[in-house]
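Engineer: The structure follows.
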Amino acid sequence: MARLILLMTCLLGGLVNMSAVLAQPQTPPPSVMVSEVHKRDITPTLELLGRVEARDEVALRARIEGVLEQRNFEEGGLVEQDQLLFVIEKRPFEVQVQQAKAELASAQASLKNAQANLRRLQELHDRKLVSAADLDTAQAEASIAEANVFKAQAALEGAELSLSYTEIRSPIRGRISGATYSVGNLVGPGSEPLATVFSFDPIHVSLAVSDKVLLNARQQGIIASGDPPVAPSLVLSDGSLYPKRGRFDYLAPEVDRSTDTVQVWALFPNSKEILLPGQFVNVLIRRKQPITALIVPQTAVQQDKQGFFVLVVNRANQVEVRRIVTDRQVGNDWVVESGLAAGDRVIVQGVQKVRPNMSVNPVTADEP
């Protein structure tokens, strides 16, 4: 009888404990913030590093040897096309011109005399008063005299050309560097450039685009094959956008084998000389027409050894791992090529509280 009473007591105690456990409240699933994947029109943009270069860069050199006599510009200043910049001592070359003119006059006089002598001998030969040999000699002398005239004319032209080289003018409009030599120095063809003129408006931006980047840009429609890209924009070193858009004026027809890049030049207006040769800038090339793409917040995208993935809350409010293929960043979002569909809910906050197959309480990101 005592054993029966003890058994009944244990059974009653177990029932009481089970009732207490069942009476305890269930732990609610953790709340996570989700964002719905959606499609959006975007304009793909290619961003490349470029370097500013003068469209024209002309090194001014002495073409004849002489003493530098004048420097007619302000170093670092603006010079106009055909402006006189340097003068080399003229007097020695003026003397050469005068000598060449005198030699030409002498040669012309000799030719006149030889031609007159030839005419006289021709008449005498016709009357059989001189031999054919005498006539041949006169003809040869006239030909030599004529050749000497041509030679003297060429010498005069050469002397005048050398004289013209004493004036060094700017072939372009632009800004000039400092002078390499002071007035009074002896300069010549073997000397360093006297100065360099740079054209600033318009100005070039040079890009070395890898063949892979160029191929991707064409596939995305940023650059149409065989056509020049759309008007590029520039981002300056301080992050500001350059106020003028440019145009592409050169796309190399082949890939440089040593660098696997394609040379591209863009031309930008630069009347205020904001862009200077040697500057680095970011070049933005945008697609002409927008495309529709799947967009997912950057905060939802995670990465491991296998690649990119997101945590998705399915219809049963359970967590799933989705492997995704991303394309590019657009602001604070990623463009997704595969792995997600419009309407999928991705976790953007609270990922540290969940694991795959766990039930969660999804809260839409734009809810208060």
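Even glycines carry a Cβ here, placed using N, Cα and C.
The coiled coil annotation in TrEMBL covers 97-131. Annotation comment: TrEMBL describes 57-191 as domain 'Multidrug resistance protein MdtA-like barrel-sandwich hybrid'. Per TrEMBL, domain 'Multidrug resistance protein MdtA-like alpha-helical hairpin' is recorded for 97-166. What TrEMBL lists as domain 'Multidrug resistance protein MdtA-like beta-barrel' is 202-286. Among the features that TrEMBL reports, domain 'Multidrug resistance protein MdtA-like C-terminal permuted SH3' is placed at 293-353. TrEMBL lists 1-23 with the feature signal peptide.
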Engineer: By DSSP, what is the split of the domain 'Multidrug resistance protein MdtA-like beta-barrel' (202-286) into helix, strand and coil residues?
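Structural biologist: Tallying H, G and I as helix, E and B as strand, the rest coil: 9 helix, 33 strand, 43 coil.
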Engineer: On the DSSP side of things, how many residues of the domain 'Multidrug resistance protein MdtA-like barrel-sandwich hybrid' (57-191) fall into helix, strand and coil, could you say?
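Structural biologist: Reading the DSSP string over the domain 'Multidrug resistance protein MdtA-like barrel-sandwich hybrid' (57-191) gives 69 helix, 25 strand, 41 coil.
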